[in-house]
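As annotated by TrEMBL, domain 'G-protein coupled receptors family 1 profile' applies to 44-291. What TrEMBL lists as transmembrane segment is 28-51, 63-81, 101-123, 143-161, 200-224, 245-265, 271-293.
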Amino acid sequence: MGDRGASNHSELTDFILLGFRVRPELHIFLFLLILLVYAMVLLGNSGMITIIMTDPRLNTPMYFFLGNLSFIDLFYSSVIAPKAMINFWSENKSISFAGCVTQLFLFALFIVTEGFLLAAMAYDRFIAICNPLLYSVQMSTHLCTQLVAGSYFCGFITSVLQTSMTFILSFCASRAIDHFYCDYRPLQRISCSDLYIHKIVSFFLCSIIILPTIIVIIVSYMYIVSTVLKIRSTEGRKKAFSTCSSHLGAVSVLYGAIIFMYVIPDRFPELSKVASLCYTLVTPMLNPLIYSLRNKDVKEALRKIPGKKLFLFNSILKFM
């Protein structure tokens with residue numbers, strides 16, 4: 001019986017990504033929509049990386065984290081969007097076994113890394129607001145580098161474990177994945193292996209990823225709110241809250257979608273696809289806007305770019 005399952009698994013050469021269950025005439029619309037969003041992701045995040053790297057005034061811990069956030073958003077969107085657009089444009093919706101493994105591994109790597117990076121950014125805001133006089137000492141270059149490196153390390157380890165667990169399963173039934181990219185839950189649905197232990201381990205992995213980062217974020221903001229409420233100046237409170245509101249917005253969108261996708265029981269595949277769109281494309285598109293385009297330092301850096309190389313960013317600023 002085991003040999004038969006292993007044989008079926010080894011014979012599998014590719015999968016079919018079913019994508020969204022919509023009428024064929026809507027495929028072109030979805031292709032153009034994803035193309036537009038992905039173009040904005042590329043423009044916004046590559047622009048942010050360029051600005052942060054070239055402007056000396058942005059050489060601070062906050063912008064160091066933002067630069068890494070833009071890098072992560074840029075790459076994990078690139079893992080998903082091109083293949084999704086090809087599937088909407090072409091009748092051939094297949095993805096090779098190796099391609100599916102690679103897509104799941106890279107996506108898990110970047111999405112988990114982003115979760116830990118957002119927790120590091122919450123800690124950075126906690127130090128900046130609650131201990132401003134010690135900020136430059138506590139948030140040293142060495143510590144910032146360690147926090148970012150630790151985020152990537154946690155992402156890598158989690159990705160290796162999750163990808164390995166997923167692809168030791170036997171896929172002896174349908175090759176059709178009811179999703180627009182390779183993810184472990186849709187892959188579980190087409191597996192003929194016993195998933196009891198696999199689901200327990202997957203839930204445990206999600207819990208040790210999501211809970212610690214959420215706890216760090218919540219505790220950091222409890223202290224931040226407590227400190228800000230003690231500020232007598234209305235302008236001072238407004239300024240302090242403005243530095244945190246964008247981070248809270250990004251955290252809410254990302255974690256809301258992830259909890260819906262990976263923690264809540266998997267009963268609504270189509271809603272899961274919509275939630276996936278939020279953190280694979282919508283959040284990476286919005287992050288440069290909600291974090292930076294309303295930031296005074298970034299606006300000044302944009303206006304001083306030689307030759308107006310990022311002319312679209314400068315045009316956007318006129319309306320803000």
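Along the chain as shown, residues are numbered 1 onward.
Cβ atoms here come from the backbone N, Cα and C positions, even for glycine.
Nobody curates TrEMBL annotations by hand; they come from automatic prediction.
Remember, predicted model here, so these are calculated numbers, not experimental data.
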Are the transmembrane segment (101-123) and the transmembrane segment (200-224) close enough to be called in contact, which here means at least 3 C-beta pairs under 8 A that are separated by 6 or more residues?
yes
Maximum Cβ pairs under 8 Å to the transmembrane segment (271-293) among 63-81, 143-161, 200-224 is reached by 63-81
